[in-house]
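K.L.:
Sharing the feature lines straight out of TrEMBL:
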| type | residues | note |
| --- | --- | --- |
| TRANSMEM | 16-37 | transmembrane segment |
| TRANSMEM | 71-95 | transmembrane segment |
| TRANSMEM | 140-160 | transmembrane segment |
Amino acid sequence: MKKNIILSVSLVSMQILRILISLFAAVHVVIVMGFLVNDFPLQENIFGMQSLIFNNSDGLQIHELQTTNPWLLYVIIIKNLFTLAMLFSILGYGVEISRNIQQNRTFSKLTITAFDKVSQLAVILFFVQFIKLSTTKVGIGFEFSYLFLAFGAIILTQVFKEGHRLLKENELTV
């Protein structure tokens, strides 16, 4: 049987994204460890800056970094690490789904469970991203892409459950 090229490319892409997420999470951990260790060389550079210039709808703004709460930086980093872990897990389930489809186990219980887990993780991510944190302000925002991912995964879970039921029914008939 001829291999599905699109499925193979998506599988490789998901693996590359998982590696990149791992590297990004490692950088986050190094930064957190640097804040906890007093003689970390980056700490002087980070806290030595007096201000940060950024551009928003009001034009260029100067933000004094010394007014930033250090605990808020920790919360932001922990939230980012949690988000990265969730995305890493979602991609892992995506790899599992792709491999099952490649091995002609499309309507297996493993595929259905993987879609169900993706929907659960996407809903959790939606609520995690509900609170928007930055060094300048804390607010509320909606990240609908995670909610759409959850709805899509829920729909696919039901479609694959029906496919699994029909496959079992067909095996009994034959």
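Each Cβ is built from the backbone N, Cα and C atoms, and glycine gets one as well.
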K.L.:
Report, as numbers and ranges, every residue of the chain located at least six residues beyond the transmembrane segment (140-160) whose Cβ falls under 8 Å of a Cβ in that stretch; write 'none' if there are none.
P.N.:
90, 106-107, 111-112, 115-116, 118-120, 122-123, 125-126, 129-132
K.L.:
So which residues does the transmembrane segment (16-37) touch in its own chain, when a touch means Cβ under 8 Å and the partner is 6 or more beyond its ends?
P.N.:
43, 70, 73-74, 77-78, 80-81, 84-85, 87-88, 91-92, 95
